[in-house]
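Asker: Dropping the structure in here first, questions after.
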Amino acid sequence: MEVERVQDISSSSLLTEAIPLEFIRSEKEQPAITTFRGPTPAIPVVDLSDPDEESVRRAVVKASEEWGLFQVVNHGIPTELIRRLQDVGRKFFELPSSEKESVAKPEDSKDIEGYGTKLQKDPEGKKAWVDHLFHRIWPPSCVNYRFWPKNPPEYREVNEEYAVHVKKLSETLLGILSDGLGLKRDALKEGLGGEMAEYMMKINYYPPCPRPDLALGVPAHTDLSGITLLVPNEVPGLQVFKDDHWFDAEYIPSAVIVHIGDQILRLSNGRYKNVLHRTTVDKEKTRMSWPVFLEPPREKIVGPLPELTGDDNPPKFKPFAFKDYSYRKLNKLPLD
């Protein structure tokens, strides 16, 4: 069965200035109604080049406890490499449909790798205004080049180079977060599977939408991952839920945005917060983003670290193998 891509729906919708009913969100979700219009709190910024390591640790821990979200600058990923990553990703989505479909997620696949549109079950049967491409970029034993675009030709080289940098940055951040819990610096890395932890690249492609007041690029969710490292293009759209409001997230162009995901929430026994976020769309411009999700291997059981629990602080979460946790969450099944 042929899947209709949002990129194609966008092209026809722009002519009529209307969108199909399945993309129109209920009033409790519509951005025009639910976005806070007052003063917006600034997303915490952490400068990783600051020689005062204690100051960096405090900033990361505070942001992770209060927001579950922060942005890092002077993070070590070359600006030119990020530009190239975004360039090859944009060129892929500008290819003819037949070329994009050559790396599509197979219909019977239980994995998420590949070009696609629908990701998870929506309780109201609504659709998100986004197409995506998923593929693992690390470790090499988990990489399946079947889902890496052949065009543009430099796609593979750029993504392999980016994988090295993003792994290094994520391990730096996990070390700081472990330190903030009073644990050995490799505690959270090991809790996520150590060197077998997987890095999943996702490209989100949000084409222009004639009714951005009614639709969402991605509905409200927390990430399945341990942490997520994201670089967006220049079109805003990330919204964060904090203090009972949806706020537009304003970020520094050269920064990497860090989301604390479900697995760090669980490993830290709730000390670090998993950020609830969503994505809005633009009437005239295409928004894109490149999150990399650091995830445990499928069979890895993740639950509160024993060092963080005791009689006075019992475990708040039930341990799950990551594959079971992912299945239950994506299918809206109970997690307790």
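Using the three backbone atoms N, Cα and C, a Cβ is placed for every residue, glycine included.
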Asker: Which of HIS165, HIS277 does Swiss-Prot put in the same Fe cation site as HIS221, ASP223?
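Answerer: The one candidate that Swiss-Prot places in that Fe cation site: HIS277.
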Asker: Could you work out which of the binding-site residues (HIS221, HIS277, ARG287) has its C-beta surrounded by the smallest number of other C-beta atoms within 10 A?
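Answerer: Comparing Cβ neighbours within 10 Å for the binding-site residues HIS221, HIS277, ARG287, HIS221 has the fewest.
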Asker: Near ASP223 (Fe cation binding site), which residues of its chain come within a Cβ-Cβ distance under 8 Å, counting only those 6 or more away in sequence?
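Answerer: Listed in sequence order, they are HIS259, GLY261, ASP262, ASN274, VAL275, PRO291, PHE293.
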Asker: Which one of these binding-site residues has the most other Cβ atoms within 10 Å of its own Cβ: TYR205, TYR206?
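Answerer: Result of the Cβ crowding comparison: TYR206.
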Asker: According to DSSP, collapsed to three classes, what secondary structure does TYR205 (2-oxoglutarate binding site) have?
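Answerer: In three-state terms, TYR205 (2-oxoglutarate binding site) counts as strand.
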Asker: In DSSP terms, helix, strand or coil for ARG287 (2-oxoglutarate binding site)?
Answerer: strand
Asker: Any idea what DSSP makes of ASP223 (Fe cation binding site), helix, strand or coil?
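Answerer: Its secondary structure by DSSP: coil.
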